[in-house]
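A.B. asks: Let me begin by handing over the structure; questions about it come next.
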Amino acid sequence: MSQHETLDKETTRIGDNANDFHVPVTVHRSTEQAFLPVYHGNKIANPSPLAFSAVAVSLFLVSQVALGTDKLSSLSIVVTVALGYSAVALLVAGIWEFPSGNPFGAALYTSLSGFFASLALVLSPWSDVSTSYTNAAEFPVAVSQFFFAWFITVFIFIVAAHRSSGGLVIFLSLVDLTLLFIGLAYRYPGKTVLLKTGGALGIVASFVAWYATLASLLDNDSLFRLPVLLDLTKKRRA
């Protein structure tokens with residue numbers, strides 16, 4: 001058992017209030033997932049590198065288009081990566097977290113999987129989402145509301161992550177601001193500075209996600225470790 005893992009004895013109540021009894025349960029507690037709160041569960045491999053990498057790739061591409069890098073304007077390439085990699089990988093990682101006993105990681109990853117899958121459907125030409133609006137001016141407003149809804153969702157995860165690590169809070173905050181500014185850019189299409197700001201924040205967020213990927217892959221057998229950018233779990237364990 002590594003120094004990052006403890007083995008605790010807990011009890012689980014079975015039965016109704018009148019005739020319940022308690023069964024001892026062995027719970028693994030590990031802090032190997034550098035950017036996530038302590039998780040509880042069996043000895044299952046860490047899915048967080050896969051999840052962070054999946055977010056980083058699609059977010060990087062979306063942000064490049066938002067910034068207009070090399071005159072990029074089409075989001076078609078995002079559809080392929082968001083559906084073919086990010087949505088699938090995040091769903092697998094989220095399902096992976098359920099048997100680990102980590103509700104935060106499970107909810108976060110599966111939610112982000114849904115975000116990228118739905119974003120791909122919105123952007124995809126064969127989904128006919130944009131053409132389904134008889135009033136063309138209605139579509140950008142609807143897309144802005146889409147981003148605002150996900151802004152609120154990610155904000156909830158930021159609140160829940162306040163006792164995990166500074167790196168995770170920074171990452172989620174950058175993603176949240178990216179969603180906010182892109183949503184504002186669709187709501188006020190004439191103000192390109194909003195889209196550029198969202199793209200710039202997304203680029204930073206994607207590199208933080210790649211940092212988290214590497215930080216989660218490195219362990220005690222690696223030549224070096226990366227800091228978690230303020231471990232907030234120490235206060236909780238104190």
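Using N, Cα and C of the backbone, Cβ positions are placed for all residues, glycine too.
In TrEMBL, annotation is done automatically, which means it is predicted and not curated.
Pulled from TrEMBL, these are the listed features:
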type	residues	note
TRANSMEM	50-68	transmembrane segment
TRANSMEM	75-96	transmembrane segment
TRANSMEM	108-127	transmembrane segment
TRANSMEM	139-161	transmembrane segment
TRANSMEM	167-186	transmembrane segment
TRANSMEM	198-218	transmembrane segment
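Provide an account of the burial state, proximal residues and distances for the features listed.
C.D. replies: Sequence-distant contacts of the transmembrane segment (75-96) (same chain, at least 6 residues past either end, Cβ-Cβ under 8 Å): 44-45, 47-48, 50-51, 53-55, 57-58, 61-62, 65, 105-114, 116-117, 119-120, 123-125.
A Cβ distance under 8 Å defines the sequence-distant neighbours of the transmembrane segment (108-127), meaning residues of its chain 6+ beyond its ends; these are 47, 51, 54-55, 58, 75-76, 78-79, 82-83, 86-91, 93-95, 97, 143, 146, 150, 153, 157.
Long-range contacts of the transmembrane segment (167-186) within the same chain: residues 34-36, 52, 55, 59, 62-63, 66, 140-141, 143-148, 150-151, 154-155, 157-158, 161, 192, 194-195, 197-199, 201-202, 204-205, 208-209, 211-212, 215, 228-230, 232, each at least 6 residues beyond the stretch ends and with a Cβ under 8 Å from a Cβ of the stretch.
Listed by sequence, the residues of this chain that lie at least six past the ends of the transmembrane segment (198-218) yet keep a Cβ under 8 A from its Cβ atoms are 33-35, 46, 48-49, 52-53, 55-57, 59-60, 62-68, 167-168, 170-171, 174-175, 177-182, 184-185, 224-228.
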